[in-house]
Amino acid sequence: MSLFRKKSIDALMSESGKNGAALKKELGALDLTMLGIGAIIGTGIFVLTGVAAAEHAGPALVLSFILSGLACVFAALCYAEFASSVPVSGSAYTYSYATFGEMMAWLLGWDLILEYGVAASAVAAGWSGYFQGLLAGFGIELPHALTSAYDPSKGTFIDVPAIIIVLLITFLLTQGVRKSARFNAVMVVIKVAVILLFIAVGVWYVKPENWTPFMPFGFSGVAQELRRCFSHI
């Protein structure tokens, strides 16, 4: 048995629909666009933009966003090319199986599982912090032991809000892709509305003198924030 054995596109397509196992295609162009926007506009843009501009990039932070956006375009073009060439569910796992072989597909499959698991835990922990901040604004404080992951030095045992949000999102996903897409669309509309409102209000307070110097920390500051912008986009 070869570790680099490949499967033809025809074989992958026939196996994906065997015994009625094929996933239903229920999302349209608008749904996919909204899912993409929802993935791009995360919580980081609301809380990290000011910190990034103040500590590293300055006004040149806009260059960090532009350059990271271009890098994301190239990645998106690769996925678009693969998706049109190998129109089968499975994402990078299936693409690599058809082009590089079984070993690479196995590695990418486990890499994706690890990536999504770590990303989900990080996002859940971040949401927990925002949620606790919201509760604090109303004078509500959770028991300290239930506010973060296990850390004896800090006296924390488990992050209850993070667990709750993961369970809620998991339940939503089990209700079907259409309901998940609708919920995502609502969240995207809210996030875009908040950003547009911020721009509409903030544009009247723009001071051109704050744009000088444009790159106070040099290009190294722009490059440092480019990595952060890319991770969020």
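If you go along the chain as it appears here, the first residue is 1 and each next one adds 1.
Backbone N, Cα and C define each Cβ position, glycine as well.
What you see is a predicted model, and the numbers here were worked out from it, not measured in a lab.
Per TrEMBL, the features are as follows:
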- 32-54: transmembrane segment (TRANSMEM)
- 60-82: transmembrane segment (TRANSMEM)
- 156-173: transmembrane segment (TRANSMEM)
- 185-206: transmembrane segment (TRANSMEM)
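Under 8 Å from some Cβ of the transmembrane segment (156-173) lie the Cβ atoms of residues 120-121, 124-125, 127-128, 131-132, 142, 144-150, 179-180, 183, all in the same chain and six or more residues away from its ends. If one looks beyond the transmembrane segment (32-54) by at least 6 residues along the same chain, the residues whose Cβ comes under 8 Å of a Cβ in the stretch are 61, 64, 123, 126-127, 130, 181, 184-185, 187-188, 191-192, 194-195, 225, 228-229, 232-233.
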